[in-house]
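Pulled from TrEMBL:
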BINDING   Gly113, Ser114, Asn115, Gly116, Lys117, Thr118, Thr119  ATP binding site
DOMAIN    27-101  domain 'Mur ligase N-terminal catalytic'
DOMAIN    111-295  domain 'Mur ligase central'
DOMAIN    318-444  domain 'Mur ligase C-terminal'
Amino acid sequence: MINRTIKQVSKMIKAENDLSRFSEIRIEGVCIDSRKVQPGNLYIPLKGRFSDGHQYVEAAINAGASAALWQIDVPNPPEGMPIIMVEDALAALQQLAKSYRDELSIKVVGVTGSNGKTTTKDMVASVLKEKYKVQKTEGNFNNHQGLPLTILSLEEDTQVAVLEMGMSARGEIEFLTKLACPDIAIITNIGEAHLQDLGSREAIAEAKFEIIQGLSEKGLLVYLGDEPLLNQLLRSAQNFRVKTFGKNESNDLYPVSIRQEGHGSIYRVNGIEGNFHIPVLGEYNVLNSLAAIHTALELDLSLEQIQKGLNSMKLTAMRMEMIDGYKGSKIINDAYNASPTSTKAAIRMMEGLDGEKNKILVLGDMLELGEDEKDYHKQVGREIDPEKINYIFTFGELARHITEEARHLFPEGHAEAFMDKGELVKKLKSIVKEDDYILIKASRGMKLEEVVNSILADQKQ
Ligand SMILES: CC(=O)N[C@H]1[C@@H](OP(=O)(O)OP(=O)(O)OC[C@H]2O[C@@H](n3ccc(=O)[nH]c3=O)[C@H](O)[C@@H]2O)O[C@H](CO)[C@@H](O)[C@@H]1O[C@H](C)C(=O)N[C@@H](C)C(=O)N[C@H](CCC(=O)N[C@@H](CCC[C@@H](N)C(=O)O)C(=O)O)C(=O)O
Ligand SMILES: Nc1ncnc2c1ncn2[C@@H]1O[C@H](COP(=O)(O)OP(=O)(O)OP(=O)(O)O)[C@@H](O)[C@H]1O
Ligand SMILES: C[C@@H](N)C(=O)N[C@H](C)C(=O)O
């Protein structure tokens, strides 16, 4: 993490006050929550939903922070404390991260896309750690606050940083990529996430494509070549190299064969000898891993290092998380978020699972889809194969349209809409048997992991 004197920090950001009295005090790491301050931190006060961080500056310093920022338009800065006055605290956080990034001798991999950023970030980091000292975005810290905080957590001797870049409006990726200046930029796919804010998939593609604006000279763009919207945005005259991945054989990397087995996927890749194995299900996760393979090849990893890194990867929770469930069933907790693209991809994965036991879909509302939200849910219902899926239970006002669209293809009681999680859990427990698969998927706002937790809690009783 950043380790600088106040004198150095005041040069990295535009300090508005004389700090000569405190110039040799050293800060180590930054923190935006006084309750989590570590000794030596620089506390950065930010405005939130309920309060302004400025009211916690003294508490932060009393808790061990070496210094704190203070926005000049906020009255009554504490006296006699190492306070760095700035125009804007958030802008100062971002500037400090930019300055620190520019001082580091490091390779940066930037990851964006509608779906799979966190998964692909985890895969890339898992592979690259076979050869380099790697740090990555923790959790989902992928925006105008999270990315700068991640950069400021980087150690001076870290060799590669894998940074997730999220957005819900135009210009946000441009800001993040110009701050992080990636050497390799990955675009996982173009789906419908944040469609409500952007209005069209074309606009989503343009927003994600902003990532090239920070890409270093002769940098590498790795993207899903199956996506026409991205192919259209690629101009011939560009000062970066391009590698594609996807299902189509026109891609630089594509899977030659895929086998879903137990908790993982075994597959071969064109032009590369041998099998790859990732301990997660889903054809789209195989595609995500191809972006990681491109990145690894760019950074000179051996095939053995790549295979080892992929095999040892661990995904962030609630992404295709396999859990031993009720009565010996298998719960696939994919409840972090959901869009039509990711929901259909998860259903295809379920339909492709071996085994004669029941396959049960538990789907919640997909949010932020804009005015066509009902149609998106109906479309998901239309695409469920009743020959391969045994039950479809939905939770929420929008997901109800999935059930209604699919109900006529299922036996009585096999396609039901719920508005109460307790009732849904009761139904699930009444039908589930050993080795059944249960997929749990919905937007973050639906908190469908509560269904998983209820089932697991009952199981313990
Ligand atoms: C929910 C929310 O808005 N949280 C943000 C909010 O926190 P909160 O309202 O709880 O703050 P308070 O008002 O309570 O406190 C104000 C500050 O004071 C600090 N403090 C409080 C009490 C105390 O005793 N001591 C204290 O020091 C406190 O720590 C506060 O700093 O405000 C905070 C400050 O602005 C935000 O940090 C907090 O979190 C928001 C969401 C945030 O951006 N956090 C980032 C670190 C982050 O990366 N979070 C990710 C989620 C990112 C995300 O959603 N990404 C999108 C794509 C990008 C969309 C973009 N348009 C955007 O705006 O984000 C995606 O789809 O992935 C994460 O948490 O996982
Ligand atoms: N390449 C992909 N194509 C379609 N769906 C995907 C892909 N990768 C992951 N998903 C789905 O998206 C869900 C979220 O994955 P992940 O958290 O990696 O995406 P993300 O882009 O980081 O999401 P967010 O923007 O919300 O942070 C997964 O649980 C899975 O259902
Ligand atoms: C939580 C945020 N990253 C997101 O993905 N939002 C959409 C609406 C979802 O939760 O599906």
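The backbone N, Cα and C atoms fix where each Cβ goes, glycine too.
Bear in mind that TrEMBL entries carry predicted annotations, made automatically and left uncurated.
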Packing count at Thr119 (ATP binding site) (other Cβ atoms within 10 Å of its Cβ): 28
Spatial neighbours, same chain, of Gly116 (ATP binding site) - Cβ under 8 Å, 6+ residues apart: Thr188, Asn189, Tyr284, Asn285, Asn288
Set of same-chain residues at least 6 away whose C-beta sits under 8 angstroms from Asn115 (ATP binding site): Thr188, Asn189, Gly191, Ala193, Tyr284, Ser339, Thr341, Ser342, Ala345
DSSP-derived helix, strand and coil totals, residue by residue, for the domain 'Mur ligase N-terminal catalytic' (27-101): 26 helix, 17 strand, 32 coil
Env. residues of ATP site, Cβ within 8 Å of mean position of Gly113, Ser114, Asn115, Gly116, Lys117, Thr118, Thr119 Cβ: Val111, Thr120, Thr188, Asn189, Asn288
Surrounding CB atoms that lie within 10 Å of the CB of Ser114 (ATP binding site), all protein chains: 25
Other CB atoms, at most 10 A from the CB of Gly113 (ATP binding site): 27
Candidates Lys117, Thr118: member of the binding-site residues with the richest Cβ shell (10 Å): Lys117
Rounded mean pLDDT for the residues that make up the domain 'Mur ligase central' (111-295): 95
Residues in the domain 'Mur ligase C-terminal' (318-444) grouped by DSSP into helix, strand and remaining coil: 50 helix, 28 strand, 49 coil
